Amino acid sequence: MRIEEDPNITQMSHRHTSAQKRLPSDPLPPSKGTTTWGRSGSKRPWLRSALSATPVLLAPLAAVSFEIALHHFNGSLAMVLTAYREQGILPVLYTYGPRWDSKALVAYTCWIAFQALLYVALPGPTQQSQQTPAGHLLSYRVNGLRAWILTYSLLAVLSVTGVLDLASIAEDWSGWFIATNLYGFLASAIAFVKAHVAPTHPGDRKFTDVAAYDFYMGIELNPRLGEHFDVKLFTNGRAGMMTWTLIDIANLALQYRNGTLSPSLVLVTILHSIYVLDFFANESWYLRTIDITHDHYGFYLAWGCFAWLPAMYTLQAQYLGRYPTSPSLAYLAVTFSLGLLGYYIFRRVNDQKDVCRRTNGDCMIWGEPARFIVASYTTSDGTLHKSLLLCSGWWGVSRHANYTGDLLLSFSMCAVAGTTTLLVWFYAIFMTVLLVHRCLRDEERCLAKYGSSWKEYCQRVPWRLIPGIW
């Protein structure tokens, strides 16, 4: 769900044989000595089963609780928890929970179908991801930015001409909430069955003896429908990121219909849109992130992108659409500027990595030749690969400086709302937990993948996230 990338920079292959991949991303840490690309082992299947079932049950409950708070308790999570305690969870869900809406389901189905049509029909350059553990080098048509521009240009025309009332999406969010969850669970179940009976690349599957874990973490690395429709890229980019913008704009329309347009909501929407547009403008870069190259397609990615992302990443916009705030212009200027600074850091960090990749390290970073470590690793097909671990520029400041910029931007997205309401701050809290966890997860994986080269990199760049602190 989030656009994070493996620290390797430039990859070169050498054949040794003729033989030719946001919720916690892994509910159980790998057992020592059993770390593999895409799956970790455990001698405690009962614990893994319980820990895998927990987020499958609790994450939807959390999302429903936020939805109830927004629509029935003035955005107060404390009031929802009090109601749970005094009345019981099931009675509260029955009384205040989202309601089935056939029109919303049809509308959401049309939305997903339209995005699928654009994914298939729009032209775009063909890009390749990193080689999979089984040796597959997959190609992708990169047309997300064109799809975003076409989608929202069309929606603007339909809205201005009165054909479509975008505010109705925010107004009828209860039905859309049910629809997104339905699609998320269906996608998870279908992916689980497909992985067993009709896998796209059997050699890239990962199994355990715990069905709940396989359902949660996924079995197939890159499931496809036909040769070119990549389910994982579509789910994250079109069902997730594209819908993020839709919900923000719908809440802008709702607030405008109610006779106001608060600067906070406008700035939140701008910051969100910058992030989403960056995703699509750099879609080819996303193909090298751990979402594509490492994480398997299960409930974590499928339900997370269909349901969790649209519901939880848009909480600031949903709150402001119903409960406008009025912070001072000075406050808005400072918090918005922090967001722009965070985005600048985020983008420059990743640009430095891309420059080093494109030039095989023959480039200048911060006015001096790039410094890097040449690391080697071997995939399951016996192919030796080499990567450059960049030690210059932002990558010499901390090992995950891209996360630092991401966190600053996440903080600004919440702060600009101008309220201390916990619901509005959920995104920043969630991203902090997620990215700190990803720091640790990335480093464990890179140590297993690069060995002594990664240890040398850690000696050269001792700070993980924030220099002088951690």
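Keep in mind that glycine also has a Cβ here, set from the backbone N, Cα and C atoms.
Summarising the annotation, TrEMBL assigns region 'Disordered' to 1-42. Residues annotated as transmembrane segment in TrEMBL: 49-70, 105-124, 145-164, 176-197, 297-316, 328-346, 407-436.
With pairs at least 6 apart in sequence, the transmembrane segment (297-316) and the transmembrane segment (49-70) have 3 or more Cβ pairs within the 8 Å limit; the two touch. Among the recorded stretches 105-124, 145-164, 176-197, 328-346, 407-436, the one sharing the largest number of Cβ pairs closer than 8 Å with the transmembrane segment (297-316) is 176-197. Under 8 Å from some Cβ of the transmembrane segment (328-346) lie the Cβ atoms of residues 263-264, 267, 270-271, 274-275, 278, 394, 401-402, 404-413, 415-416, 418, all in the same chain and six or more residues away from its ends.
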